[in-house]
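Marked as domain 'Phosphofructokinase' by TrEMBL: A:6-301. Per TrEMBL, Mg(2+) binding site is recorded for A:Asn115. The site 'Important for catalytic activity and substrate specificity' annotation in TrEMBL covers A:Asp116. As annotated by TrEMBL, site 'Important for catalytic activity' applies to A:Lys142. Summarising the annotation, TrEMBL assigns substrate binding site to A:Thr143, A:Ile144, A:Asp145, A:Met189, A:Gly190, A:Arg191, A:Glu246.
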2 protein chains.
Amino acid sequence: MNQSNCIVAQSGGPTVAINASLAGVIAGVKSSEKYDICYGAVNGILGILNENYLNLSDIFADDANLEKLKTTPAMYLGSCRHKLPDYKDDDSPYVYIFHQFDKLSIKAFFYIGGNDSMDTVLKLSDYAKKINSDVKIIGIPKTIDNDLCMTDHTPGFGSAAKYIASSMLEIAHDTFIYAVKSVTIVEIMGRDAGWLTAASALARNEYNTAPQFIYLPEVNFDKDKFVADIKEALAHTNNVIVAVSEGIHDADGSYITSSKAACDQFGHQQLSGAGKALEFIVKENIGVKVRSVEVNVLQRCASHLASLTDIEESFAQGKKGVTIAAEGVTASMVCLKRISNKPYQVEYTYSAIKDIANEAKSVPREWINDAGNDVKPELIEYLKPLIQGETAVAYKNGLPDYMDVSHLHKCN
Amino acid sequence: MNQSNCIVAQSGGPTVAINASLAGVIAGVKSSEKYDICYGAVNGILGILNENYLNLSDIFADDANLEKLKTTPAMYLGSCRHKLPDYKDDDSPYVYIFHQFDKLSIKAFFYIGGNDSMDTVLKLSDYAKKINSDVKIIGIPKTIDNDLCMTDHTPGFGSAAKYIASSMLEIAHDTFIYAVKSVTIVEIMGRDAGWLTAASALARNEYNTAPQFIYLPEVNFDKDKFVADIKEALAHTNNVIVAVSEGIHDADGSYITSSKAACDQFGHQQLSGAGKALEFIVKENIGVKVRSVEVNVLQRCASHLASLTDIEESFAQGKKGVTIAAEGVTASMVCLKRISNKPYQVEYTYSAIKDIANEAKSVPREWINDAGNDVKPELIEYLKPLIQGETAVAYKNGLPDYMDVSHLHKCN
C-alpha cells in the first residue's frame, strides 16, 4: 500500500548500450532499500500516456535475464519520437502523466535517451517543480552521436565507435586486394557532430593508413579541396579510403548530397547521401575506380561487436540514476567525468538537465587538423579507451542469443 | 636443387574464409613429404606473369601466424580479375607461366577462387595436358555466392550466411522499436544465385518472424504481387522486413533497379540497386514509412563474425588440395560432400574441373515456396549447419587483430 516504485522508459534511436542502462536501472532498484517495483513504459513517454507498462522487477527477477538484456541491441521497451508541449500552453499530458505516477506509486522516473529525450526530462522536471511533486525526474544519457553536453561521452557511442573502426579495418582489407587505383568512400552516421566518423581513425595500425581522409560536419566541405586531396593521395598509394559524415555541408550550410553531384553530371536531381555525392565527384573529376559504402543501421545495433567499456559504463550509469534519485536528486542527467586517460578512469556524477537539454556538443575545431581533412592525435587519444574490451555475447544456433522482444510486436 | 615446390594464388572477390584455405595449403605443404617450399603469387595469376612471389613457408614458419591468417579477411595474397586467353589463340602467357613453374621447381599450382578462377584452372589444366607437364593444377573453391557446381557448398558462404542472418536479426531488433507501420528492405549480395539472401531466413526465431518475405533471382519478380504481399503483411504486423537479392529481375530478365522505379515516380533515370527500387515501389504504392538497407561489403569481409564450421572446412579444403596433388590428381577442384545433416558430417573429395568451370548452381526452385516470396524448410535445414560455431578472433586495442597485409600496398 505504501509502496515506493520507479518507472523507466527509452526513447530516440537505438544503440547497442541502451538496454545495458535499462539493466542498470533495474539492478539499481533491485538493490535499493528505498524503491520496490521497477515498471517499464512501452514506447517511451507514450507508454505512460497509453498505460502500457511492464513489471520489469518480475521479468528480470532472474539475474541471468538481466545479463542477457545488457547485450541485447535496440530498445527492450521500444521507443518513440514524441515531443511534449510546453505545459504553459497545454498541461493536459502532464496532468495525465503525474496522475499515472500517483496511481502506480511512482517516486522516480528515468528516461534513457538523447537530446530530444532530455527535452522531455526538462519539461517533466519543470512541471514537477511547479506542482511540488516529489517524483524525481532523472535522465540517463544514450546516443551513438556522442553529442550530449556536460558528460565526457555518451552510452552507446563507444560500441558504435568500435563497430565503425572494426568495419573500416575490414573494408580496408577488402579494398587492398586489387593492384589498381581505387577510391572508397565510407559514409558514417552523424548529422551535426562528427564524433562517430572520427572514430574511423582508430582503424589505423602498423599496416593500415586508411582512412586517408576524414571529413566531419564541423568543417565546411570544399569540393575542390577534396578533389585535390584525393589526387595527391593517389599519387603515392593505390587504394584511398575516405570516411565522411552524413552531415557534411558546404560553406553556405547546404548538405552535400548526390542530388547536387548528380545534377552536375546528369543535369537532374537525385536524392541520396554524402557518400554517393563524393562517389560522383570522384567519378567526374578523377576517373579512377570508385565506390561508396553507406555503413547501415548496424552501426547502432550490432551488439555482437559491442565495447565492453561502453556496456559496463552504460549499466553503471543506469544504476547511478537510481542512486541519485534515492538521494533526492531530481531534474538532472547522469554524467561521466574522465579522471584520467592513462590509466583510463571515470567518475559517475550528474548535472542539471537545464544545462543539457536542447544543447549539442560538436567535435572541437582544435581536435581537427588545419586542412580540415583529418583528426588530430588528441581526438584519437580521447576515443581509444572507449572501444576497449569485448562482451561475452552468447550464441544459439550460430546466432547471437538476444532477449525476446515479442512484446513489442502487438499491432496497435 | 632437386626441389619439389608448390605455388598458390587467390583470385576473385574477398571472403572471410579464403585465407583459411590459404592457411590450409601452407599447412598441407608443411606436413607433406612430397613438397618443399610453398610460394604465393601476389594478385592471382598476375603474380606469376609479373614474377611477384612471397615465400609463404618462411613467412608462416611460425604456426601462430598461420592461426592468425585463418581469421584474417579478404586475400593475404591479393587478387585479380584476369581472364587468360584460349591457348589455341595465344599461348604466350601459358609458355611464360610454365617457364616460371620450371624456374621455381613448381610441381603443383593451387588457385583459390570462384567461377572465373576455375576457368583459369581449366585453361591451365588443358595447357598442362597439351605439353605433358607434370605440374598438378588444383582449384580450391571460394565464393560467398555458393554457386559452384559439384560441391555441397563453398568456403566463405557459411560465414557470409552467418553475417547476413545475424545482421537481419539485429536489423529486426532495430526495426521493432517504433509502434508505427513500417517496411524495411534489406538488399543482399547475389547477382544470379539467391543462396545468401535465403540465409536471412535463419534469423527467424521464437520472437522474430522477419524477414517476412524473401525474393530471390531464381524467381521472376512481379511488382504487383510484391505490393499485394506487403499490404497483406501490414494488415497483421507493424514492421515488415523484406530480404531481396541484388539480382532480382522481372519476367523479361530486366533487373529491378531504382532507375525503373524512379522513372515511374519522377519521370527520369536513377541508377541504384534492387533495395532502393523496392523502397520506391512501397513509397509509391503503399505510403507507410519505408527505408532500404544495402548490406555492404562487410557481408564478405567481416571476419569478426565468421562461422567456425566455414573456417575449419575452408582450412581442410586447402589442405586436401595439397593431399590430392601429392597423390597425382590434377585438373580438379576440391569438393565437399554432405554425408549426413543430423549430425552434420562432410567428406572431402574432388571433381574434374571441366564439370565446374563456367557453370553455376542456383537455388533449386523446389526449395522456394510456390508463391516465390519465401524459402522452404528444406533450404533452411541445408543452411543451418553452415553457420554454426564462432572463431576465436583475437583483439588488440579494441579491434580485431588481423595479419599485416602491407605487402599489398606497393604502388604498381
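In case you wondered, yes, glycine gets a Cβ from its N, Cα and C as well.
Within its own chain, A:Met189 (substrate binding site) has A:Ile144, A:Asp145, A:Ala160, A:Leu196, A:Ser245, A:Glu246, A:Val295, A:Gln299, A:Arg300 as residues 6 or more apart in sequence whose C-beta sits under 8 angstroms from its own. In this structure the alpha carbons, written CA, of A:Thr143 (substrate binding site) and A:Asp116 (site 'Important for catalytic activity and substrate specificity') are 11 Å apart. Burial estimate for the binding-site residues (A:Asn115, A:Thr143): highest at A:Thr143, by number of other CB atoms within 10 Å. Across the structure, A:Arg191 (substrate binding site) and A:Asp116 (site 'Important for catalytic activity and substrate specificity') place their CA atoms 14 angstrom apart. Note: the substrate site is recorded as A:Thr143, A:Ile144, A:Asp145, A:Met189, A:Gly190, A:Arg191, A:Glu246; in the same chain, A:Asp147, A:Ile188, A:Asp192, A:Ala193, A:Trp195, A:Leu196, A:Ser245, A:Gly247 also have Cβ atoms within 8 Å of that site's Cβ centroid. If you draw a 10 Å sphere around the CB of A:Asp116 (site 'Important for catalytic activity and substrate specificity'), it holds 18 other CB atoms from the protein chains shown. Around A:Gly190 (substrate binding site), the same-chain residues six or more apart in sequence whose CB sits under 8 Å from its CB are A:Asp145, A:Leu196, A:Thr197, A:Leu216, A:Pro217, A:Ser245, A:Glu246, A:Gly247, listed in sequence order. A simple Cβ count within 10 Å picks out one of the recorded positions A:Lys142, A:Arg191 as the most packed, and that one is A:Lys142. Here the binding-site residues are A:Asp145, A:Glu246, and the one whose Cβ sees the fewest other Cβ atoms within 10 Å is A:Glu246. Cβ neighbour count for A:Ile144 (substrate binding site): 30 (other Cβ atoms within 10 Å of its Cβ, all protein chains included). The substrate site in the record is lined by A:Thr143, A:Ile144, A:Asp145, A:Met189, A:Gly190, A:Arg191, A:Glu246, and its two most distant CA atoms lie 16 Å apart. A:Lys142 (site 'Important for catalytic activity') and A:Asp116 (site 'Important for catalytic activity and substrate specificity') are 11 Å apart (CA-CA, integer value). Annotated pair A:Asn115 (Mg(2+) binding site) and A:Lys142 (site 'Important for catalytic activity'), C-alpha to C-alpha distance, rounded: 9 Å.
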